[in-house]
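Please read the structure below before turning to the comments.
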């Protein structure tokens with residue numbers, strides 16, 4: 001059949017295909033190592049563990065950096081078999097060996113992980129083996145998407161909400177139970193001029209599927225009571241007022257969905273977006289805190305939110321300063337709004353002080369500036385001491401921070417950068433790397449800091465995507481692949497896609 005389609009086609013065996021794959025893998029790996037050697041920029045890492053359908057455990061390591069053309073890059077460096085025990089020393093040893101293998105062991109700026117205890121426990125050893133800069137202050141951050149997920153999951157476990165969602169699931173299953181019931185529901189929709197679309201059921205491990213289920217039901221809130229009345233083979237009663245409550249809940253969860261999607265990107269910087277997200281989420285909590293149906297829900301989410309962000313990682317604060325729409329004055333304004341909300345919850349024994357957090361961020365920036373100043377060869381004064389004019393009365397984050405001003409007392413790149421007006425661009429299409437590429441000759445030291453601090457991702461979505469890729473290759477019908485073959489397939493697929 002193949003020769004009839006193309007007489008010149010030459011068949012090959014699976015062994016030949018495997019041999020060709022490994023040849024390509026080795027050649028492209030050499031090219032990737034050479035690429036790393038050709039740039040002096042810093043790198044960010046993510047890593048995580050995964051269990052395949054074959055029952056074996058694997059660990060993935062992804063690398064993130066900004067190349068010399070100011071383009072964000074991401075590659076999977078390893079997808080290795082990882083036999084037990086999965087303790088911190090073994091994780092740290094494997095991550096270090098992968099970095100040495102690719103020649104980047106002395107240029108890792110930060111590592112992003114989820115909240116798994118063994119991953120967190122490996123960080124101190126990695127700080128030592130990978131020579132973390134500035135005492136490791138910027139070396140580790142937790143996945144923002146994972147924290148947002150924990151906040152929502154805590155809310156969904158509240159008994160009243162869980163019971164209400166249970167009724168929604170029963171309703172969806174009732175409509176889907178038979179083609180006859182589905183037809184009846186569809187005809188009722190058509191009689192009222194409402195387009196019918198298939199209802200969605202949620203998955204317990206993905207909160208966004210619960211949000212999508214509610215969204216699929218809301219257009220039919222006026223039809224559902226009539227439909228239930230027409231059915232006699234069920235004991236399901238749903239109060240029509242529940243849909244008004246769910247509309248408000250969807251508004252709240254949509255904010256978390258928005259930022260989860262924002263921080264899921266791998267090919268654009270995300271660290272500078274964390275502070276605006278924290279401030280926006282704080283304001284949303286404040287908005288819905290007095291809504292009766294949402295009081296307990298907002299409190300549960302806020303409790304988890306404060307637990308993880310009572311101390312905002314310095315990397316996120318430095319990145320916010322280096323966003324020309326925020327700068328130093330915007331940092332102080334954003335911290336003030338955030339701390340005001342956290343303190344209003346009375347969850348902490350001691351109130352957060354935005355001035356202390358602000359001063360700590362400036363100290364970290366000065367330390368980082370001194371380090372990169374030596375690398376770039378500049379010798380300007382670097383100490384920053386700023387007085388701030390507040391602009392926190394505005395609702396929109398970037399409008400709010402643009403109303404703030406800071407006066408810097410000493411001459412430096414930081415002083416020059418801060419003295420210039422903030423960029424007035426509120427949209428999501430602002431290309432911050434293109435902006436810094438155009439300003440690199442004016443602020444060479446700050447540009448070098450941007451290349452380092454914007455490279456690490458704010459989430460571990462890159463690792464999760466690698467697991468999804470591995471799951472599409474290692475399937476129940478193809479579960480006897482050697483671990484080396486699986487790594488070759490995963491890495492080649494990722495490298496080719498990145499190059500394209």
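Just so it is clear, glycine is given a Cβ too, placed from its N, Cα and C backbone atoms.
What you see is a predicted model, and the numbers here were worked out from it, not measured in a lab.
Over in TrEMBL, the protein carries these features:
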DOMAIN    264-332  domain 'hAT-like transposase RNase-H fold'
DOMAIN    416-496  domain 'HAT C-terminal dimerisation'
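Using DSSP to sort the residues of the domain 'HAT C-terminal dimerisation' (416-496) gives these counts of helix, strand and coil: 49 helix, 2 strand, 30 coil.
The DSSP breakdown of the domain 'hAT-like transposase RNase-H fold' (264-332), given as helix, strand and coil counts, is 50 helix, 0 strand, 19 coil.
Mean pLDDT of the predicted structure over the domain 'hAT-like transposase RNase-H fold' (264-332): 93.
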